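Written out below as structure tokens is the structure these notes cover.
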Amino acid sequence: MSAFGSTLANTNPNRSTEVVHPPTDSVSSLCFSPKANYLVATSWDNQVRCWEMMRNGTNLASAAKAAMSHDQPALCSTWKDDGTTVFSGGCDKQVKMWPLGGNAVTVGTHDAPVKEVAWIPEMNMLVSGGWDKTLRYWDLRQQSPVHVQQLPDRCYALSVRHPLMVVGTADRNLVVYNLQNPQAEFKKIVSPLKYQTRCVAAFPDQQGFLVGSIEGRVGVHHLDDTQQSKNFTFKCHRENTDIYSVNSLNFHPVHHTFATAGSDGAFNFWDKDSKQRLKAMSRCSQPIPCSAFNNDGSIYAYAVCYDWSKGAENHNPATAKAYIYLHAPQESEVKGKPRVNTGGRNTVSNNSTAAIDGISERPGEPWETSIPIIMVGTLETT
């Protein structure tokens, strides 16, 4: 296993382009403008930074443009749909609005740190999720929230594809909202994954969502009760007996395949429909805490830095450095492929055990169904 934080270890084995002037502490979120190649990062040094990305053929470059500060570590970020404004939240309990080229102002506050923010253009509102166990909807013309929605526990993850919004909280709750009626829960379920939720991503077609956990596993869930047979979970971000958190889930904006990034320092591209891994990238020497595609899917940005998963004793401030890298995905890495059987139909059922890619599967996990297993480049399904 790579020694996280080692100065000799390779943080860039995939030869990605390094973003200039990175944060001075761990990166907590990344998001691209929906209109242009501007990237925003929040970090534990309290800063919200913005870079412009330039592309010349296959060559990528970056230029630092602006920055603003929270009073405490910044945890989350999102863009307004017109690409003019950035929103962020942090441990100072504040939700901030930053018109690029202007000064940041406070939209509102929570009673505890703000973990997630998302702009909902169809409602012309901002939603924020906090560790105070609430969602708050903000009309930018007033400082008090339009609506405060109680959550079953602390907000850990949030994803919006209007009218679908999915919120992951502590205690493995997954709460689904129909934003045409945001004051009522549409559905609440317990995560199919046995361990803490780290990230969620709503399907581009709004028919379901992905959920990732700290136990190197992703669940694929459909909302329609008639589609429950399509639900499954699969293992990822593991090496031998070492199991790492899945920290980030991002759908490709064109091909609707998705990327996972984890504390093993790897990012992979997957196709949920054919149940195949499209590309496994080389492991970086530090965790990847967050990632994002740009608006046309031609750039995948990912941060490489310590994620505190091994505690303060494994953090060396003298050698620790945060990196943000840019990967230009090839079409073969992110475009879905037809399902290919290699002779016969292989299935994993609730009372069977199979081994794929050298990882032994455990029967009896939640949401196990009889699903086809493609023996070449497949998801390690359970």
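Each residue's number is its place along the chain shown, starting with 1.
A Cβ is built for glycine as well, from the same backbone N, Cα and C atoms used for every other residue.
Annotated in TrEMBL:
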| type | residues | note |
| --- | --- | --- |
| COMPBIAS | 1-17 | compositional bias 'Polar residues' |
| COMPBIAS | 343-354 | compositional bias 'Polar residues' |
| REGION | 1-26 | region 'Disordered' |
| REGION | 334-362 | region 'Disordered' |
| REPEAT | 20-53 | repeat 'WD' |
| REPEAT | 67-98 | repeat 'WD' |
| REPEAT | 107-148 | repeat 'WD' |
| REPEAT | 246-280 | repeat 'WD' |
Segment-level pLDDT (mean, integer) for the repeat 'WD' (246-280): 97
Chain residues outside the repeat 'WD' (67-98) and at least six past its termini with a C-beta under 8 angstroms from it: 25, 28-36, 38, 40-50, 104-119, 121, 126, 128, 130, 136, 138, 140
Same-chain residues near the repeat 'WD' (107-148), Cβ under 8 Å, at least 6 residues beyond its ends: 72, 75-81, 87-97, 154-160, 162-163, 165, 167, 169, 179, 182-183
Structural state census, the repeat 'WD' (20-53) (DSSP three-state): 0 helix, 19 strand, 15 coil
